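> First the structure, which I've put down as structure tokens, then a few questions once you've had a look.
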Amino acid sequence: MTEVKVGIIMGSQSDWSTMREAAQILDELGVAYETKIVSAHRTPDRLWEYGKTAAARGLQVIIAGAGGAAHLPGMMASKTRVPVIGVPVQTKALSGVDSLYSIVQMPRGFPVATMAIGGAGAANAGLMAAAILANGDADLATRLDDWRIALSASIPDEPTDD
Ligand code: RP5
């Protein structure tokens, strides 16, 4: 059985349409992951249990997405030494700036690697998790290098009229 090294957590089912972009990248790169709804506010005991057991269960990276008062990534970072990548989910009221500020302004000592707002941030979180794991996994490093080469090759030299 493939060992799961990446946890993708999110504050709500409503975050999944964003966070699935991280999952899709990990699928493309052949990285096993688990997904779970963990809310800092609605399920604090679940958050605590997840953080308390993350390292012992073999997780090496946690991708945490939340919107609004987005305390999930920071609270998770306070509970585990496993690196936490934060994804600010875009909100209707404040366009995700609320999420971004909630995630990025961590106090000294408990970092969260904060991505861009929304789907691009979630996809980049998947790539960042893969890059971290690739440091100790030569096959994954090759797959990630190939992925990056393919992306570069897909960019046209010149713009065209549609
Ligand atoms: C946060 O509140 C979640 O991360 C989500 O982005 C936001 C709204 O949640 P729902 O009301 O859609 O469940 O906890």
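Placed from the backbone N, Cα and C atoms, the Cβ positions cover glycine too.
In case it helps, TrEMBL gives these features for our protein:
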| type | residues | note |
| --- | --- | --- |
| BINDING | Ser12, Asp15, Arg42 | substrate binding site |
| DOMAIN | 4-155 | domain 'PurE' |
> Under 6 Å from ligand 1 by Cβ, which binding-site residues from Ser12, Asp15, Arg42?
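List returned for ligand 1: Ser12, Asp15.
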> With a radius of 8 angstroms around the mean position of the C-beta atoms of Ser12, Asp15, Arg42, what other residues of the same chain does the substrate site pick up?
Met10, Gly11, Gln13, Ser14, Ile37, Ser39, Ala66, Gly67
> Please give me the CB contact count at 10 A for Ser12 (substrate binding site), counting all chains in the structure.
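If we count other Cβ atoms within 10 Å of Ser12 (substrate binding site), we arrive at 17.
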> Among Asp15, Arg42, the binding-site residues in question, whose Cβ has the most other Cβ atoms within 10 Å in this structure?
Asp15
> If you average per-residue pLDDT over the domain 'PurE' (4-155), what number do you get?
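Average per-residue pLDDT within the domain 'PurE' (4-155): 98.
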